[in-house]
């Protein structure tokens, strides 16, 4: 009998077929940042003040500036108050009465708001996301993050049920059509509902494409392939800065960012299914046909005897979530990893969503944020090889946290310094996220790896949901968000000292293996592909690419 791992060895770990697949999936990762972060550029701050309709309704021969003086008080800086207006005088009051009696009692705006005349439509000025509605711009991001959580829970099982290709195509169609529909919404409530819907598709996409990639790429290239795919997410952030700069009209920006999905209709024919998934479903003929195509593209010859001995893949034994808490050592690992993923998400999205709050041009800052993620993600591979998983995870978390803490003490009139610190923090959190995928998968035993990675993914999404709400705390004190983004990663990083090192160790298969302690393995005796595949096999996106602690 032959298993798929043996066939993959003959096809090649990373040939032309896998490179073509990587490119197809990189395009999807490249498009994803628009859905995550474009909203930030649609709600940028802009001058506004209460509408002065009552003045205009009088037949006063006043200039616009004089009308403003009569209707809107000034703040301490001498600018019109954005959320207050003078209480209107009686309808029959004359201009002399108004000037002599000085109607100067204030009240919240009740006649709408006015914005600069040359403004372009934005979510903020079209739906009046100001004053008592200001919180909605951050609440919308929490709704989006909640959609990511639902999408992860929904499309994960669906990916195993109907296949990787079908799931990816369905998600591509969903987030493209919903994204285009978002550009034509008549109300902000409908906009929020569609943001939730598109988030479910985007979350499922990140799950499905990593799964498909890791099931076709061999052990020696899996980690590098996944990191390369993640780097395209960073490149997408850089392009988003240019798009947002060029299209200030939020509806045009929404259409421009989502329409490219329509050009990917050829994925229906170009994207391959996972041969391993076909084998687990007993669809032998389709799997063999796909394997032969992969071998042909890679210019490799398949042994007829090996193909004749190919048998359906069998799913190994699995545990349940409660098993993660029954074993003392595993319970400690699980709780700490929950904390790590929670703060990974909190810090990463916290800095990303506050890209306009560091003092420099928001478009330039977004470009820099995307650019620094590429070396950050790539360098994480070398850090894990040089310093091990534990110390790399600890170092990146603490570094990211310290940058956020230091920002609190930097004066606002030094925007370059603040932005530089934020950039270093963004690099550290991006690297920490990448390390978490590898380290977490190696810490869980094989029978619980899929369950464990699924649960840490949930905690990551919870961190994302809370991130915009943490930003709202800045209304009470400007330092609170950065204090939280800084202190929690430092605490989580210090907790990593309690975790075991996994670099150079054999992967654990069962709970009993945890009792045996570490099993060091010489780098020269890297495990066979069959062994590593058996130990790393899973359908979880954070798991399948970890088949050995050497890469």
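Here the Cβ of each residue, glycine as well, is placed from N, Cα and C on the backbone.
Annotation comment: Swiss-Prot describes 527-536 as compositional bias 'Basic and acidic residues'. Marked as compositional bias 'Polar residues' by Swiss-Prot: 537-551. Summarising the annotation, Swiss-Prot assigns topological domain 'Extracellular' to 42-138, 189-195, 246-251, 419-427, 474-478 and lists sequence analysis as the type of evidence. Marked as transmembrane segment by Swiss-Prot on the basis of sequence analysis: 21-41, 139-159, 168-188, 196-216, 225-245, 252-272, 333-353, 355-375, 398-418, 428-448, 453-473, 479-499.
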Inset, instruction - Using a Cβ distance cut-off of under 8 Å, indicate which of 225-245, 252-272, 355-375, 428-448 has the most pairs with the transmembrane segment (168-188). - result: 252-272
Legend entry - Any contact, the transmembrane segment (225-245) to the transmembrane segment (398-418), with at least 3 Cβ pairs under 8 A: no
Legend entry - Remote residues contacting the transmembrane segment (139-159) - C-beta distance under 8 A, at least 6 residues beyond either end: 36, 39, 167, 171, 191-192, 195-205, 207-208, 211, 349, 353, 454, 457-458, 461-462, 464-469, 539-540
Legend entry - Contact between the transmembrane segment (355-375) and the transmembrane segment (479-499) (at least 3 Cβ pairs under 8 Å, separation 6+): no
Legend entry - Cβ contacts under 8 Å made by the topological domain 'Extracellular' (189-195) with residues that lie 6+ beyond its boundaries: 39, 123, 127, 136, 139-140, 143-144, 147, 178, 181-182
Inset, instruction - Work out, from DSSP, the number of helix, strand and coil residues along the topological domain 'Extracellular' (419-427). - result: 9 helix, 0 strand, 0 coil
Legend entry - Touch test for the transmembrane segment (479-499) and the transmembrane segment (333-353), at least 3 Cβ pairs under 8 Å: yes
Legend entry - Most Cβ pairs under 8 Å with the transmembrane segment (428-448), selected from 196-216, 333-353, 398-418: 333-353
Legend entry - Average pLDDT across the topological domain 'Extracellular' (189-195), rounded to a whole number: 94
Legend entry - Tertiary contacts of the topological domain 'Extracellular' (419-427), as residues 6+ beyond its ends and Cβ separation under 8 Å: 347-348, 351-352, 358-360, 365, 368-369, 372-373, 375-376, 399-400, 403-404, 406-407, 410, 485
Legend entry - Per-state residue totals over the topological domain 'Extracellular' (246-251) - DSSP helix, strand, coil: 3 helix, 0 strand, 3 coil
